[in-house]
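**Student:** Before anything else, here's the structure in question.
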Amino acid sequence: MSQQLQSRRLRQPIVVVLGHVDHGKTTLLDKIRGTAVVKKEPGEMTQEVGASFVPTSVIEKIAEPLKKTFPIKLEIPGLLFIDTPGHELFSNLRRRGGSVADIAILVVDVVEGFQKQTYESLEILRSRKVPFLVAANKIDRIPGWKPIDTYSFLESIKSQRKDVQTQLDNYVYRLVGQLAELGFNADRFDRIRDFTKTVAIVPVSAKTGEGIAELLALLAGLTQNYMKTKLRFAEGPAKGVILEVKELQGLGYTIDVIIYDGILKKNDTIIIGGLNGPIVTKVRSILVPKPLQDIKVVKTDLTQIDEVYAAAGVKIYAPELENALAGSPLFVAENEQQIEEYKKIIQEEIASVKYYNANIAGIVVKADSLGSLEAIVEGLKQKNIPIRLADIGPITKKDITEAELTLQEAKEYGIIAAFRVKPLQGIEVPNNIKLIYSEIIYQLIDDIEKYITEVRESEKRRTLDSLILPGKFRLIPGYVFRRSDPVIVGVEVLGGIIRPKFPVMKKDGKRVGEILQIQDNKKSVDRATKGMEVAVSIKGNIMVGRQIDEGEILYTDVPKEDLEILLTKYKDIITDDMKEVIKEIINIKRVNDPTYALGLKV
């Protein structure tokens with residue numbers, strides 16, 4: 001082991017794969033793993049939990065055709081790919097001030113371009129300060145593309161027709177433009193001079209394998225050249241992060257961990273985050289899958305090892321892991337002082353993600369891990385959605401109480417957002433609280449946003465239905481169908497809106513009655529707006545020719561409270577013509593009430 005360690009100057013970089021749904025993340029990972037298994041020598045690939053290791057010797061074999069293009073002597077042992085692509089697991093690869101991941105592949109369907117989750121993935125990578133390159137996937141879908149039996153894109157592109165090459169260029173330049181809008185310089189990898197300033201776009205086909213050679217060569221070369229300090233191997237106690245907490249039949253609770261620094265040994269004392277605070281326990285077993293010959297074999301058979309060094313994915317069995325927190329750091333402590341130091345660090349980590357403020361009318365968020373909670377809270381903050389409580393674990397009675405308190409203040413935020421957690425046994429979320437459950441982070445945030453909008457729109461409709469809104473109309477001469485009790489006349493709406501039950505006043509502010517019914521082409525309608533000519537019945541102690549006259553202009557009699565609500569809460573529905581009517585109504589009303597609409601901006 002020590003000889004092995006002496007030769008290990010650099011550890012393998014940790015690679016994650018992100019991107020939009022159906023853009024080929026899993027297919028690309030499968031292709032990389034499958035290709036590596038085909039190219040390996042017996043005993044060359046170590047087995048990992050939650051990750052796949054591709055050794056340098058395999059990268060060199062796959063990238064053989066690129067020797068002249070990329071004349072790099074690889075010093076890293078290989079690349080460690082996190083097996084599960086996407087936001088959910090990546091959010092658990094958290095580390096104070098960033099991520100455990102060293103580099104990311106952002107997978108984009110070259111034909112479709114950037115989609116919603118592509119932008120979200122980029123936002124996460126930017127916030128966690130993770131460098132990335134773009135895999136412009138599905139080049140085989142470009143009309144006229146002829147798949148070539150090679151892992152090299154540069155070899156394959158030479159064999160494509162000129163028009164196909166031009167079409168690919170157009171797709172790539174669209175990606176360059178989309179990245180530029182977000183503040184990233186980007187270009188096709190073979191046109192880049194300075195990789196520190198430009199994001200590399202690698203055209204690939206996860207289906208045929210074309211471009212895999214360049215992708216692996218770039219990942220290895222870039223990490224080795226620009227991250228030497230970060231990748232320097234340290235022969236000290238291990239540091240890691242918990243990817244997942246799992247219960248294994250016959251064994252009990254285990255944690256899947258990515259070790260990113262140092263060495264983990266059997267019987268080491270580890271400190272991890274737990275639901276109720278830091279957990280101090282001893283490693284009973286370090287487990288990895290038995291060696292595979294075929295990548296399709298499921299990694300279920302586990303074998304014990306005595307020690308493991310970074311970077312690696314392992315399963316740890318130890319006592320008291322049932323409350324372990326995914327997304328929490330893992331530290332190996334060598335003495336009491338270190339135990340206390342790490343307990344404090346973990347306590348602070350958990351506290352920095354959890355949140356409670358009784359003074360905020362906001363939603364309640366519950367998640368299954370530290371990483372997912374952090375990602376959801378970040379996403380909600382970007383959408384300006386207030387949070388009252390953010391915590392880890394199942395939904396409790398306290399969560400329901402907090403949501404009910406919010407409901408009293410702001411109906412749209414009476415939400416419990418649950419990410420992969422359910423209510424505790426015996427606890428039911430009442431119908432007046434909206435329970436939004438999802439197993440996908442972006443979906444949860446979308447559903448929360450959608451519900452808030454729906455409630456606001458419904459409240460808006462309800463409020464607007466109860467308000468008397470500004471309207472102005474003229475009695476059309478020659479269209480008097482009934483002179484009194486009720487008056488039925490033809491009118492032209494000059495501005496704003498009129499509706500049944502709206503009170504009506506003259507230009508001098510005197511109320512003359514209330515609109516009973518509106519008809520358009522002999523059909524009852526619930527409103528009439530500018531430009532419409534309709535028949536209106538008005539109930540009141542009035543007669544045409546006495547209190548009101550043909551050709552006269554009338555207004556809706558808007559109470560000051562209703563106008564205040566309209567101008568402060570629903571300004572977005574005020575049209576230009578309604579704005580003019582409001583000004584006229586204010587002038588009419590202020591003759592008798594100087595405080596009418598005082599301090600309100602039209």
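Placement of Cβ uses the backbone N, Cα and C atoms for every residue, glycine included.
Marked as GTP binding site by Swiss-Prot on the basis of sequence analysis: 19-26, 83-87, 137-140. Residues or ranges marked as domain 'tr-type G' in Swiss-Prot: 10-227. Taken from Swiss-Prot, the feature region 'G1' covers 19-26. For 44-48, the entry in Swiss-Prot reads region 'G2', with the evidence type similarity to another entry. Here Swiss-Prot flags 83-86 as region 'G3', drawing on similarity to another entry. Taken from Swiss-Prot, the feature region 'G4' covers 137-140, and the record attributes it to similarity to another entry.
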**Student:** Do any residues of this chain, six or more beyond the ends of the region 'G3' (83-86), have a C-beta under 8 angstroms from a C-beta of it, and if so which?
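**Tutor:** Residues 16-19, 25-26, 29, 50-52, 107, 313.
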**Student:** According to DSSP, does H87 (GTP binding site) sit in a helix, a strand, or coil?
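**Tutor:** Assignment for H87 (GTP binding site) reads helix.
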**Student:** What is the three-state DSSP composition of the region 'G4' (137-140), stated as helix, strand and coil residue counts?
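**Tutor:** Summed by class, the stretch gives 2 helix, 1 strand, 1 coil.
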**Student:** Where does G19 (GTP binding site) sit in DSSP terms: helix, strand, or coil?
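**Tutor:** For G19 (GTP binding site) - judged by DSSP and reduced to three states - the answer is strand.
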**Student:** Given a separation of at least six residues and a C-beta threshold under 8 Å, show me what packs close to H87 (GTP binding site) in the same chain.
**Tutor:** L18, Q117, E120, S121, I124, A375, I440, I441, Y442
